[in-house]
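Below is one structure, written out as structure tokens, with a few remarks after it.
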Amino acid sequence: MSLQLIVPPEAGSTGAAAAPAPQEAANTARPAAPQPEPPIKSILDFIQRYVATLLAAGSQTDRVDRTADRIARSWGCQLELAILSHHFMLSVVKPSPDGQTSERRTAVASIVSSGPNFQRVAALNALSWNVVDQGLTLQEAVQRFEAVCAVPPIRPELLQVLVPCASAALCRLFSGTPLDMTLVFLAAWVGFFLRRRLVAWRVDLKITFVLCAFVASMLPAMGMIWHWPGATQIALATSPLFLVPGLPLINAVLDLLGGHVLLGVSRLIRAATLVICIALGLSFTMLLMGVESL
């Protein structure tokens with residue numbers, strides 16, 4: 001008869017090694033695989049929508065160029081952008097490891113103006129930084145872009161009150177009387193309402209500006225002709241100023257200073273044309289009412 005000697009395993013011996021601790025198992029886990037880069041066609045479609053929305057909201061060219069290039073580089077691509085007065089051409093290039101072009105996609109899109117929206121411009125600019133700083137994927141960037149575009153602009157009813165108030169304040173800034181401020185408030189209210197209706201009816205913008213300037217300046221001109229106490233020429237001069245295209249003029253100057261001469265001159269000519277239309281509408285009122293000078 002043979003005897004077997006059974007020795008119990010010591011602490012920390014092979015028995016313990018056979019069942020590693022949860023912490024050691026977690027440390028030995030493989031690192032997560034890096035996320036694959038999005039396809040170049042999807043990048044092109046997203047940046048095309050991004051650029052079109054920025055331009056429609058009234059952003060200057062330098063901002064559009066910088067933010068779009070920032071997004072493309074964060075996804076390993078290079079961007080080539082050419083912006084004209086009514087269209088823009090966009091090329092997304094995927095470089096190869098040796099620096100040569102491995103894939104290129106190009107698109108041409110129209111610029112459809114939707115009115116100035118500074119809140120949307122600021123949100124889209126912040127989105128470009130979020131793509132870089134937070135490493136957003138294309139799907140996450142698209143979701144945030146849709147959320148920004150879903151935010152409605154300022155209600156037209158609120159603008160219908162704010163614009164006349166600003167016009168009355170501008171009249172007061174030029175030493176207008178209380179009656180002048182009242183006339184300018186009413187004139188701007190009627191003129192802005194008419195502008196909204198004509199734009200909704202798709203009337204040509206130049207004709208819209210002539211008609212709105214004519215209607216808005218009619219009430220202050222009546223106060224001058226009929227010698228209402230306190231009615232001065234200041235009310236007539238400031239009544240159509242709510243139509244002045246300030247944003248196109250500012251963007252034109254910024255584009256010229258930034259080296260975008262072609263687009264800057266185009267915007268400057270379009271803004272100057274609208275200013276001439278305002279002057280024509282005011283001139284028609286002065287001729288009709290017999291006002292010789294401002």
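All positions are counted from 1 along the displayed chain.
Positions of Cβ are set from backbone N, Cα and C atoms, glycine also.
Annotations in TrEMBL come from automatic prediction, not curation.
Just so it is clear, the model here is predicted, and its values are computed rather than measured.
Database features, via TrEMBL:
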COMPBIAS  11-29  compositional bias 'Low complexity'
REGION    11-38  region 'Disordered'
DOMAIN    46-288  domain 'Threonine/serine exporter-like N-terminal'
TRANSMEM  173-195  transmembrane segment
TRANSMEM  207-228  transmembrane segment
TRANSMEM  234-257  transmembrane segment
TRANSMEM  269-291  transmembrane segment
Can at least 3 Cβ pairs under 8 A be found between the transmembrane segment (173-195) and the transmembrane segment (234-257), with each pair 6 or more apart in sequence?
yes
Surrounding residues of the transmembrane segment (269-291) on its own chain - C-beta under 8 Å, 6+ positions past either end:
85, 205-207, 209-218, 221-222, 224-225, 236, 240, 243-245, 248-249, 252
Which whole-number mean pLDDT does the model give the domain 'Threonine/serine exporter-like N-terminal' (46-288)?
93
